[in-house]
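Features of the protein shown, as given by Swiss-Prot:
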- 21-41: transmembrane segment (TRANSMEM)
- 50-70: transmembrane segment (TRANSMEM)
- 99-121: transmembrane segment (TRANSMEM)
- 140-160: transmembrane segment (TRANSMEM)
- 188-208: transmembrane segment (TRANSMEM)
- 229-249: transmembrane segment (TRANSMEM)
- 258-278: transmembrane segment (TRANSMEM)
Amino acid sequence: MSQCNSSYSVTRENLKYFAQFVYLVPGVLFQLRILIVIWGTHNKIYLKSSFFTIWSLDSLVSLVQMFLDVSFTRIHIYFPQLCEGFSVFLEIHWMIPNIVYPFYLYAFTAKSVIHSFLSINRASCVLMPTKYAYIWRSHMKKVIVFILLYPFLLLWNVIISEKYLDFIFGGFVISYIKRVPWASLSKFQIISYVFTFSVTLVTNSITLSKMAKLKKRLLMAERHLCVATAWISSGFVISLIAQAHFAFFRGDHELVEIFYIIQCVSFDLLNVGSPIVMITLSRELRNHVFLINPSPVVSRSTSTFNNKNNISILIQ
C-alpha cells in the first residue's frame, strides 16, 4: 500500500529537482570529459602519474553517483506525481532497488578511501621525492584493488539485507532492514570518514610543513593545497554529521528529511566540487580538458611527472 505524502507541492518539489539538475548534468558531462582525457586522449601522460591514476577513480565513482542521482534517485524523491506508480513498480520489480541502491552506496563509499590515498600520495611526494615514483608504481595495482574492494567491507550487510521504500518529502528513498543488527552502514561510514578526515589533515599538514621549508617556497602550490584540503574536508565533515544522525538519533521523521538534504549537499560538494577544484588548480589538466594550447602542454606535463623537484602533483 502506497504511503506517498500528497501534501507536498508538486511544482515546488519538481523545482527542487531541476535546481539540482542544472549542476548535476554538467557535472556528469564534465567528469566524463575528464575521464576521456586521463584514460583516453592523454593517457600516456596522466597514467604515468600515480596521483592522477588514483584521482581518475574518484572521477569514475563521482560520475556513477551523479548519473544515478539525476536519472533515478532524485527523481523518485522530488516528483510526487510519480510516487505512487513508481513505488509500486519498484516493489514489483524488487531486483532494481537491490542492485541500484548498493551500487549507489558503493560509489560514495569508495570516495573516502580514494581521498585517503590521494592525501598520502601528496605527502609522500615531498617526503620521499627520490623514491616517490618508484614506490607508487610498484604498489599501484595493490592500491587499485584495495580501493575497489574496500567498499564491500562496509556494504556487505546492505547487500544481503532486505530493501524497502522509506517515504520522505513527496516521494521516497530506498533503505534497508539490517539482517545483521550490529552492522550499521552509518556507523561504518562514520569510522571511515573520521579516518579519511584525520589522514587528510595530518598528511596535508606534513606536506605544507615540508613545502614551507623549501629554499624556494612554492606559495601558490601551498595555497592551492589548502583550498583543496578545505573543500574535501568540508564535504566529508558534512556527510559525517548526516551519518551520525542516521546512526544514533534517527527517529523524528522531519529531522530525517533535513539530514537527507544535508547528505545530498555533501555528495554534491564532493562529486561536483572536486573536479572543479582540480581543473581550477591544475593548468595541464585544464588545458587538456578545454583543448587550450594542447601541444606545448604535453611536453611540460611529461617532464612534470618525471622531475623529482617539481611539486605539481600537489596541484599546480
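Keep in mind that glycine also has a Cβ here, set from the backbone N, Cα and C atoms.
Remember, it's a predicted structure, so these values are computed and weren't measured experimentally.
Taking pairs at least six residues apart, the transmembrane segment (99-121) and the transmembrane segment (21-41) share fewer than three Cβ pairs below 8 Å and do not count as touching. Highlighted: of the candidate stretches 21-41, 188-208, 258-278, 258-278 has the greatest count of Cβ pairs under 8 Å to the transmembrane segment (229-249). Long-range contacts of the transmembrane segment (188-208) within the same chain: residues 109, 112-113, 115-116, 119-120, 122-123, 125-127, 153-154, 222, 225-226, 229, 232-233, 236-237, 239-240, 243-244, 247, 314, each at least 6 residues beyond the stretch ends and with a Cβ under 8 Å from a Cβ of the stretch.
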